[in-house]
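Below is one structure; the comments refer to it alone.
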């Protein structure tokens with residue numbers, strides 16, 4: 001007992017340590033007059049390559065004296081490629097600062113080359129003051145008739161305007177001037193100034209200035225929601241027609257008691273379609289362990305996405321650096337019980353015997369896929385010396401969360417699912433000899449049904465994908481989680497409806513291999529999203545270089561894997577309910 005109690009305490013402390021930096025930061029700090037306000041320098045990098053970021057002092061700016069003070073902002077902040085360092089610039093609350101020298105900068109050939117390379121790559125930097133971001137460019141290229149490439153100039157003065165309401169900082173803005181040409185052997189002073197301006201804006205509304213209302217609340221966004229909603233109405237109507245009309249007629253003919261031999265023979269000769277495969281439709285799927293694992297994982301991801309969206313709506317997670325990532329990781333660990341429960345129940349109902357394999361695969365499939373992609377990307381980031389490289393300590397924390405929270409919960413869920421919901425309950429008995437599957441037209445084959453099944457679900461989220469991609473890859477803050485919730489619900493409904501229709505046509509073609517077909521029919525949505533990401537990369541961005549290209553397609557691959565597993569599980573579970581419903585009332589031998 002003591003050991004289990006100690007483990008519970010350790011887990012609790014771990015979760016507290018992860019969540020506290022995100023939700024209890026300096027953002028609610030109240031300052032006294034002339035109290036020191038810290039300006040944190042964060043990162044620099046090419047503007048067109050959002051993930052290619054480096055330590056601010058990787059450029060030859062003059063560094064603070066002594067040991068650099070770092071700010072730990074939580075797991076999500078580190079995974080987001082942030083490293084906040086105290087600039088040690090003297091800024092005091094409500095005290096204006098005229099032009100003052102930060103430090104003298106002596107230029108040599110190496111420093112000039114470094115700055116010129118950064119300017120040619122449109123390097124930008126990011127600072128933070130009281131958890132509010134400031135951005136600026138390192139320098140710029142001025143046209144020069146004596147030079148083909150133009151004249152490289154470095155901004156040497158930073159003017160910081162701070163708006164405050166009583167004892168709280170509301171808004172910060174950075175402007176730069178005094179551009180100086182970069183020439184080896186010269187010396188220039190890096191200077192700054194601070195201006196404090198009172199404002200009536202409340203602390204609760206201070207982040208509004210960073211939200212792009214015209215972009216996210218454009219009429220095309222509303223139109224896409226309406227269009228997807230109409231698609232839901234159409235598809236639910238189609239499924240209802242199948243259930244209420246076609247199947248009702250089939251039931252009436254199949255269940256009719258008729259003593260007339262001639263009529264009975266005629267009915268038998270006319271009988272075809274889904275009714276003929278009732279003795280095979282509940283035959284266990286091939287690779288049952290894998291199917292159970294992906295369906296369980298997909299059910300967990302569906303619940304996870306719903307929880308994170310709701311928490312983002314209630315808690316405005318977009319305000320905190322890395323808050324979404326931290327919330328996602330912690331919620332993933334805590335919802336791992338769901339994946340085990342769904343997987344274990346499904347595997348038991350299908351008569352599975354390899355329980356250890358099922359438990360381990362369910363608990364580790366998606367995390368290890370992400371770890372594999374992340375390891376490759378991390379290797380690239382380490383080679384480039386980028387802040388995107390995950391520190392070893394952070395890797396240990398993530399592994400501890402998985403090993404001591406997620407993995408045990410998934411195992412527990414599998415055991416509970418096996419014992420509580422694992423009793424076989426098939427409406428029809430499975431025949432000993434499998435029925436041969438007749439040849440059908442090409443468009444009724446499982447591969448075609450699977451590939452076509454993702455088109456309509458992709459169409460329902462197509463516009464939202466543009467807003468999500470633009471937020472992640474083009475420096476916009478995504479805050480319309482109400483839209484995302486609507487789109488997610490629409491995606492689930494459309495996926496279920498499309499998969500049910502595909503399953504019905506497949507069974508009517510006397511093909512009883514519906515389990516994997518229903519999964520891939522829904523999962524193929526992710527294929528279309530990945531194809532769209534390729535279009536987005538070449539048409540909507542100006543990314544370049546091996547580093548950014550690797551991260552773009554690597555992150556997109558992770559996202560599409562999760563989306564595919566989620567949609568596949570939703571499609572399978574919907575089809576499973578449909579199949580059990582239509583075979584429940586027919587007379588099985």
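Using the three backbone atoms N, Cα and C, a Cβ is placed for every residue, glycine included.
If you look at the motif 'Endoplasmic reticulum export signal' (578-583), the same-chain residues 6 or more away from its ends with a CB under 8 A from one of its CBs are 243, 247, 274, 278, 281-282, 426-428, 500, 503-504, 507, 514. The motif 'Endoplasmic reticulum export signal' annotation in Swiss-Prot covers 578-583, and the record cites experimental evidence as its basis.
Residues or ranges marked as signal peptide in Swiss-Prot: 1-24.
Annotation comment: Swiss-Prot describes 244-293 (among others) as topological domain 'Cytoplasmic', evidence class a curator's inference.
Here Swiss-Prot flags 343-364 (among others) as topological domain 'Cytoplasmic', drawing on a curator's inference. For the topological domain 'Cytoplasmic' (343-364), same-chain residues at least 6 beyond its ends with a Cβ under 8 Å from one of its own Cβ atoms are 284-285, 288-293, 295-297, 336, 406-407, 410-411, 413-418, 420-426.
Annotated topological domain 'Cytoplasmic' per Swiss-Prot: 417-448 (among others), in sequence order, evidence recorded as a curator's inference. Mean pLDDT of the predicted structure over the topological domain 'Cytoplasmic' (417-448): 85.
Sequence annotations record features per position, and here Swiss-Prot assigns topological domain 'Cytoplasmic' to 503-518 (among others) based on a curator's inference.
Residues or ranges marked as topological domain 'Cytoplasmic' in Swiss-Prot: 572-589 (among others).
Among the features that Swiss-Prot reports, transmembrane segment is placed at 223-243 (among others). Sequence-distant contacts of the transmembrane segment (223-243) (same chain, six or more residues past either end, CB-CB distance under 8 Å): 456, 459-464, 483, 486-487, 490, 493-494, 497-498, 500-501, 504, 581-582.
Annotation comment: Swiss-Prot describes 294-314 (among others) as transmembrane segment, evidence class sequence analysis.
Marked as transmembrane segment by Swiss-Prot: 322-342 (among others). For the transmembrane segment (322-342), same-chain residues at least 6 beyond its ends with a Cβ under 8 Å from one of its own Cβ atoms are 15, 18-19, 22-23, 73-80, 82, 295-297, 299-300, 303-304, 307-308, 311-312, 359, 362-363, 398, 401-402, 405-407, 409-417, 421, 569.
The transmembrane segment feature in Swiss-Prot is assigned to 365-385 (among others). Residues 52, 54, 58, 293-294, 297, 301, 402, 406, 546-547, 550-551, 554-555, 557-558, 561-562, 565 of the same chain, all 6+ positions outside the transmembrane segment (365-385), place their C-beta atoms under 8 angstroms from a C-beta of that stretch.
According to Swiss-Prot, the transmembrane segment annotation covers 396-416 (among others).
According to Swiss-Prot, the feature transmembrane segment maps to 449-469 (among others).
Residues or ranges marked as transmembrane segment by Swiss-Prot on the basis of sequence analysis: 482-502 (among others). Within the chain, the transmembrane segment (482-502) has long-range Cβ neighbours (under 8 A, six or more residues past its boundaries) at 216, 221, 225, 228-229, 231-232, 235-236, 238-239, 242, 302, 305-306, 309-310, 313, 449-450, 452-453, 456-457, 460-461, 464, 467-468, 517-518, 521-522, 525, 567, 570-572, 574-575, 578.
Residues annotated as transmembrane segment in Swiss-Prot, with sequence analysis given as evidence: 519-539 (among others).
Using a Cβ-Cβ cut-off under 8 Å and counting only residues 6 or more beyond its ends in the same chain, the transmembrane segment (551-571) has close neighbours at 51-52, 294-299, 301-302, 305, 342, 366, 369-370, 373-374, 376-377, 380-381, 388, 453-454, 457, 472-473, 491-492, 495-496, 498-499, 518-527, 529-530, 533, 537, 541, 543. Annotation source Swiss-Prot lists transmembrane segment at 551-571 (among others).
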Maximum Cβ pairs under 8 Å to the transmembrane segment (449-469) - stretch from the list 294-314, 396-416, 519-539: 519-539
Remote residues contacting the transmembrane segment (519-539) - C-beta distance under 8 A, at least 6 residues beyond either end: 291, 294-295, 446, 449-455, 457-458, 461-462, 465-466, 469, 473, 491, 495, 498-499, 502-503, 549, 552-553, 556-557, 559-561, 563-565, 567-572
Same-chain residue ranges lying at least 6 outside the topological domain 'Cytoplasmic' (417-448) that approach it to Cβ under 8 Å: 276-283, 340-351, 355, 505-506, 509-513, 516-517, 520, 580, 583-584, 586, 588-589
Secondary structure tally of the topological domain 'Cytoplasmic' (417-448) (DSSP, helix then strand then coil): 11 helix, 0 strand, 21 coil
